[in-house]
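Structure first, then comments.
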Amino acid sequence: MSSVREEGKDKIIFVTKEDHETPSSAELMEEDPNDPYEDRGLILPSGEINWNCPCLGGMASGPCGTDFKDAFSCFHYSKEEVKGSDCLEQFRAMQECMQRYPELYPQEDEKSSSKTSQDSEAEASGANSTSASEQDSNTSQPDTESSAES
């Protein structure tokens with residue numbers, strides 16, 4: 001026989017083997033097509049932006065959320081021939097905000113440059129050990145050749 005226990009917002013259900021042998025009687029709730037908070041992708045059927053879309057990766061919240069929303073909205077609703085060309089000020093404001101919070105919004109250049117510098121250091125240490133072993137083998141080769149000639 002199953003047991004149910006509630007802890008705060010969580011509901012914990014323990015089931016037995018017998019519980020699993022019978023078909024489920026759970027009923028799925030039908031989605032409300034008018035619920036604006038339901039995950040429906042980036043653009044809602046109304047054409048509006050779904051700021052709750054997980055695809056935005058939280059960019060719509062946080063210290064630069066307002067700047068992000070302004071820039072993204074401008075781009076989305078832009079009617080210019082080159083879409084978004086009228087949004088440079090909004091994107092500049094967003095970028096400036098993100099630069100003030102590098103711990104929250106790391107720059108791609110910083111990520112790749114730190115990885116590149118780590119790779120370079122690894123290669124350099126590998127090259128140093130290779131060159132040292134090459135020096136050892138070069139040092140021993142003349143001795144071997146000279147002893148072979150004798």
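Numbering starts at 1 and runs along the chain as displayed.
Even glycines carry a Cβ here, placed using N, Cα and C.
Feature list (source: TrEMBL):
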- 1-22: compositional bias 'Basic and acidic residues' (COMPBIAS)
- 126-150: compositional bias 'Polar residues' (COMPBIAS)
- 64-100: domain 'CHCH' (DOMAIN)
- 1-43: region 'Disordered' (REGION)
- 102-150: region 'Disordered' (REGION)
Exercise for review: Just give the helix, strand and coil counts over the domain 'CHCH' (64-100), going by DSSP.
Suggested key: 26 helix, 0 strand, 11 coil
Review point. When DSSP states are grouped into helix, strand and coil, how many residues of the compositional bias 'Basic and acidic residues' (1-22) land in each?
Key: 5 helix, 10 strand, 7 coil
Review point. Between 0 and 100, where does the mean pLDDT of the domain 'CHCH' (64-100) sit?
Key: 96
